[in-house]
Amino acid sequence: MSDGDIDARKRALRGKAMRRRDGLDPSDRSLDALAITRHVLAFLPDDGSPVAAYLAIRSEVDPALLVSLLRQAGRSVGVPAIDGHELRFRIVRDDGPLEPQGFGTRAPGSDVPEIVPSVILVPLLAFDAAGRRLGYGRGFYDRAIARARGNGRVLAVGLAFASQLVEHVPTDEHDQTLDAVVTENGVLVPTAAVSPSR
């Protein structure tokens, strides 16, 4: 299958997945985010290591409570800031202003220190049981995860609603699989490491 075919399949799935997630009842999404928070806290290593999270946009799982609880527990938490074609994870501060980043996102300014995360919490549009993830198509998280894995062990954990599970996410050689996906129903750990599958 050609790269163009894979891209077309991703675009089709992206539109369908976005509509499905956007169609979830907002109050259900909020309740599910609470359950996801509980599952993530039980799953993450309790080693005090830095965690990269995100500030939710659109209908993504909102990790705001999770970020607050991690910070209360003394962990450094960063959120993504766009730096060219890369994501840098800058420390979340109570008093720090957030700057527009494009794509509807906000982040701490360039004067805020970065973290080197041992855990990256990843938003997504769709995922499959093998840990393959479909994002918005810009590759920011794939590059960030690949860079972090190149520097040592990092746990890439998708946050999703259970209804975002699909049979198969088409991938190419640049797509990074997740180590786990946490939904309101619990933690899905892929049964085996999966090489990119078209």
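Cβ coordinates are placed from backbone N, Cα and C, and glycine is handled just like the others.
Copied over from TrEMBL:
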- Lys10, Arg11, Ala12, Leu13, Arg14, Arg133, Leu134, Gly135, Tyr136, Gly137, Arg138, Gly139, Phe140, Tyr141: ATP binding site (BINDING)
- Leu55, Glu60: substrate binding site (BINDING)
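Structure coloured by features recorded in TrEMBL.
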residue : record                 : contacts (Cβ under 8 Å, 6+ apart)
Lys10   : ATP binding site       : Leu134, Gly137, Pro170
Ala12   : ATP binding site       : none
Arg14   : ATP binding site       : Leu125, Ala126, Leu134, Tyr136, Gly137
Leu55   : substrate binding site : Ala64, Val79, Leu98, Thr105, Arg106, Ala107
Glu60   : substrate binding site : Arg21, Tyr54, Pro123, Leu159
Arg138  : ATP binding site       : Phe103
Phe140  : ATP binding site       : Pro80, Ile82, His85, Glu86, Leu87
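Under DSSP, Arg14 (ATP binding site) is assigned to a helix (H, G or I) in the three-state scheme. Here the Cβ of Tyr136 (ATP binding site) has 15 other Cβ atoms within 10 Å, regardless of which shown protein chain they belong to. In the three-state DSSP reading, Leu55 (substrate binding site) counts as coil. Leu134 (ATP binding site) carries a strand DSSP state (E or B). In the three-state DSSP scheme, Glu60 (substrate binding site) falls into the coil class.
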